[in-house]
Structure formats: structure tokens, C-alpha cells
Amino acid sequence: MARVYNFSAGPAMLPTEVLTRARDEMVDYQGTGMSVMEMSHRGKHFVGIAEQAEANLRKLMNIPDNYKVLFLQGGASTQFGAIPLNLGNGSGKADYLNTGHWSVKAIKEAKRFVDVNVVADTKPENFTTLPAEGETTFSPDADYVHYTPNETIAGVEFPYIPDTGDVPLVADMSSTILSRPIDVSKFGVIYAGAQKNIGPAGLTIVIVREDLLGKSRENTPAMLDWATQAEADSMYNTPPTYAWYMAGLVFEHLLAKGGLEEMGKINERKAEKLYAAIDGNDFYRNPVEPAYRSWMNVPFMLADDSLDKTFLEEAGRQGLVTLNGHRSVGGMRASIYNAMPEAGVDALIHFMNDFAKRHG
Ligand code: PMP
């Protein structure tokens, strides 16, 4: 079977074991004579799949009982608007940390609904660093604080959880969820598009503390209202059933592999060796302050950018694909989510060293 190492930022690689299991169950799901895609979302088979997926996610992330888990649509981008609609009904003010492309988008959308106070901004540093722990001052009267723990494009990741006191902390975990254990109880809301570490595009996970439900603005569309969705077990309308099923297979797979403790160890090792390869060779450069480098998204530049195209072509011939950087930053980016095997990172490092030798 020809599988490439796909370094895409998302949609990204899925574990081969998950794909083959889905293939085996595709046409006739466990003797039902139908595909999961063809099932009623309210029938007992799909309800079983949905409940099992949620139970496994709760186990993986150790989600406390006073949190609801929602399986929604619309991507993380829809939540950029849903967050102020659900939470911005008190003072109508919210604190945002501006640490990259996705923070910018979240802020832009929130400004439609609430007074946004940008309490930290690393744009002047080209988003290559983050505020140090304890450095940011939050507004005591804010309805919530929003941040992006991992910025997918610049490749910066918070090594700490900001302490916002009693103000609920909202985190866009799209590109870091499930990469290591986290303490869910420190957050008011965690949300993530699925297409990186969870499953196929089309599913969005929202984990919300129960006391934050039922406070939405009066004009909040039903589909965006977390309380409405929680009340309906995420089935206010037809949910993305197949993506939900696939996410369930990924959760089961991660549990079988030893859970997030184990993933964290592997991910740290993968990232460390890739950054070491970049730092150890003058031919390559990563601009991010070492303390804030992402475990998931590793941007790097070639010393001579006229070789970018050749680098991508040669890498592609060796089955190392989608290494091009985001169009806004150029250069290269290796996204190394859970499903990227360590052997894929080793193969990339080997290729990079060889390429530098031949072209350096
Ligand atoms: N936030 C982050 C951190 C992301 O990486 C992305 C997608 N790359 C988004 C939000 C947008 O996600 P979606 O496409 O699911 O709306």
C-alpha cells in the first residue's frame, strides 16, 4: 500500500489503522447491511456510535462531569462568532490575546458582537514569540478571555495555561487538541475543528463548562447556541454523522496506543528532533523563540529561497508531501500531528540533511 508522509496542516493524516477499519466497515457496518453514512442519526446504531465516541473522548482528555461535549459543524471559524454570542452577554467586553493568524480571525469576528480588548499582541514580533507566563493583565469585568494555544501558521505554542482568575478562559485548540494531556478544568470552553488531530473536516468539537450554558444573547441562532445543542445531544439538526464516527475510531485508537500521556511523549520527541535538525544546520532556519515553538506545526526556511521549489519537488519524489509553508509566510512547514509516525519525521530529517549537503 502506497501511503505518503503527508505534512499538511489540515486536513491532515489520519492513522492508517483507522482508515483500514473504516474501509472494512464501510459498506456493511457491523452486520447492519448499511454504511454509517446511510444510518438515521436517531437510530440505535448511530446513537451507540455517538455515545461511545463521546465516552472515549471524555476518557482520553479526562473531561470532568460538569462539562458538556458538543459535536457540531461549521469548523472552528463558526465558533469565532458563537463564542461572543454565547458568552458576551454580561459586560459585553472580552479580552483577546493576539498571537497569530487565527487569533486575528477570532478577534475580527468577535468585534461584531462584543468590545474586544486586546491584552497581548505579538504582531510587532511577526508572531514569532508569545507573552511570558504571568506577563498579561486581564480585565476583571471581561465576560471571557480568548486565546489560541497553538498558532498553526506561525508555529507558536503556549507552554502554559494563562491564569485568568474567575474569568472563563476560552481556547481555540484546533491544532493542539489531543497532542498531550491538559487540565480541562482550567478552561471555560475548549473548541477545535476536527481536521488535524481528531478526524475528517466537517466536525467541530466544543467542550463547555455547564455553568456557562444558557447565557447566550437573545438573537443567537439556535444552531450556534451551545445550550440548545447540549439539550439536543448535538442533534438539534442532522449532525455530521460520518465524521463523528471517524472521530470515534481515532479516539479508540489513541486510547489503545496509551492515551495522551503516551502521545505527548512521542510528540515531544518528534518535535525536538526536527527542531534540532533545523538548528543544527545553517541551511535551515526556524524564526520562533525556542520556548514557544509548537510541537505540531514546524515552519522553517531555506537559507536560499530560490531552492524552495526544488526542495518540494525532491521531497515529493520521496513521499514527503505538503511541506510548503502557508501562503502568508512562505518557506516550508511540517505539520506533525498525532498521526504522523515518528518514522515520517525521521525520513524528513534524513531528506533535509541530504538536500543541504547536495545544495548547500
Ligand atoms: N483555528 C486554528 C488554530 C486553525 O488552525 C484553523 C484551521 N487551520 C482554524 C481555526 C479554522 O478552522 P476551520 O477551518 O475548522 O474553521
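Keep in mind that glycine also has a Cβ here, set from the backbone N, Cα and C atoms.
Keep in mind that this is a model prediction, so the values were computed, not measured.
Taking the Cβ of R42 (L-glutamate binding site) as reference, residues of its chain lying under 8 Å away and at least six apart in sequence are, in sequence order, M235. For the recorded site, R42 (L-glutamate binding site), the DSSP three-state label reads coil. What TrEMBL lists as L-glutamate binding site is R42.
The pyridoxal 5'-phosphate binding site annotation in TrEMBL covers A76, S77, W102, T152, D172, Q195, N237, T238. With a cut-off of 8 Å between CB atoms and residues at least 6 apart in sequence, the same chain places A76, T148, E151, T152, I153, D172, S174 near W102 (pyridoxal 5'-phosphate binding site), listed in sequence order.
The domain 'Aminotransferase class V' feature in TrEMBL is assigned to 4-348. Confidence across the domain 'Aminotransferase class V' (4-348), taken as the mean pLDDT and rounded to a whole number, stands at 98.
DSSP classifies K196 (N6-(pyridoxal phosphate)lysine) as coil under the three-state reduction. As annotated by TrEMBL, N6-(pyridoxal phosphate)lysine applies to K196.
The number of other CB atoms found within 10 A of the CB of Q195 (pyridoxal 5'-phosphate binding site), across every protein chain shown, is 24. With a cut-off of under 6 Å between the Cβ and any atom of ligand 1, the recorded positions R42, A76, W102, K196 reduce to A76, W102. Note on proximity: of the binding-site residues S77, N237, T238, the one nearest K196 (N6-(pyridoxal phosphate)lysine) is S77, by Cα distance. Here the binding-site residues are S77, T152, N237, T238, and the one ringed by the most other CB atoms within 10 angstroms is T152.
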